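Below you'll find the structure, written out as structure tokens, and then a few comments.
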Amino acid sequence: MKRAWARFPIIGGMTPIQPLPRLARLLGIKSLWIKRDDLTGLAFGGNKLRKLEYLIGEALEEGCDLVLTGGSPQSNHARLTTAVANKAGLEIWLFFAGSKMGLQQGNLLLNQIMGAEMTLTGVYGSKALLRVMEEKADEARKAGRKPYVIPVGGSTPAGDYGYFRAWQELEKQCGSCQLAPFDEIYVAVGTGGTLAGLLAGILLHSQETDLMGISVWKKREPLQSDIHTCTTHLLKWMGEGEVTVSMDKIKLFDQYIGKKYGVPSQSGNEAIRLLAQTEGIFVDPVYTGKALAGLINRARQGLLKEKHVLFWHTGGTPALFTHHESLLDEK
Ligand SMILES: *Cc1c(COP(=O)(O)O)cnc(C)c1O
């Protein structure tokens, strides 16, 4: 049985797909394109808006009046959830990992401007944060509220469905621009929900494309199992539970994380400069710069000479301003 999904519309139309001819020439790539999910149209944009269309759609359908989510104080997901909750007229409570807010810049500054209620939890990790949020939601329920809890990164079946739809959007867009299917698509991977949605698209549309997931957080094996779980849940939720999830359509790379999640890397910063200086487009030091560094490294190994490649920009640009020191240092 197929479910109908409530959608709270945010992204009007398709995000642009654009050629990167100068960067392609510099790196020796036959054909290089970018999918601009940094231009999803609200509060500086990013991939979480595709998830939030369906997450907030579900919250509204369930009659909720309060949204709880969390992450690091500089989480893009937290910033975009606040923006969408404001737009939908829902109250928003953010729960941050750790015990320090850190720099009052970037996403934290934007959350302050948007009036989010923010709490430092003192706990670390997605699971521990989810437990805190569930407790707070229970308290709110007892006080007569109708809370909707979104886990870190928004990677639930409803959220990941947004990226299944994104896959369909890409296919339609390639069709209308008479663009051949891509050989490889590069995308930054955090919790894995974005990649899971794209994988569901590939599996259901039996496409030849390889997904190249560049991890910015976890090691390869645990990430692979997370993506497998997300994809299985999504397909079941979509009424496609009989489809087997074969992970051989995904290649995962964990060598571009650098020191750790949230800390800029030298190759990521170089990628930021290279794209800005050849094409005038910004990627960020936490996610998309590291993903682009993976693509650049493979191009320099000569692996993309004959390939038709897409870089899927997932947003995150406010982080440029929280990491200004590292970007200036290496100039
Ligand atoms: C959250 C995020 C990602 C990763 O998405 P997941 O679905 O968690 O893997 C990638 N890029 C940016 C900019 C993000 O904010």
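Positions of Cβ are set from backbone N, Cα and C atoms, glycine also.
TrEMBL labels come from automatic prediction, so no person has curated them.
Now, the feature entries from TrEMBL:
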type     : residues : note
ACT_SITE : Ser75    : active site, nucleophile
DOMAIN   : 13-315   : domain 'Tryptophan synthase beta chain-like PALP'
MOD_RES  : Lys48    : N6-(pyridoxal phosphate)lysine
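Less than 8 angstroms from the CB of Lys48 (N6-(pyridoxal phosphate)lysine) sit Asn76, His77, Leu80, Thr81, Gly153, Gly154, Gly315, each of them six or more residues away in the same chain. Annotation note: Lys48 (N6-(pyridoxal phosphate)lysine) sits in a helical segment as assigned by DSSP. Cβ neighbour count for the residue listed as 'active site, nucleophile': 27 (other Cβ atoms within 10 Å of its Cβ, all protein chains included). Per-residue pLDDT, averaged over the domain 'Tryptophan synthase beta chain-like PALP' (13-315), rounds to 97. DSSP assigns the residue listed as 'active site, nucleophile' to coil in the three-state reduction, placing it in neither a helix nor a strand.
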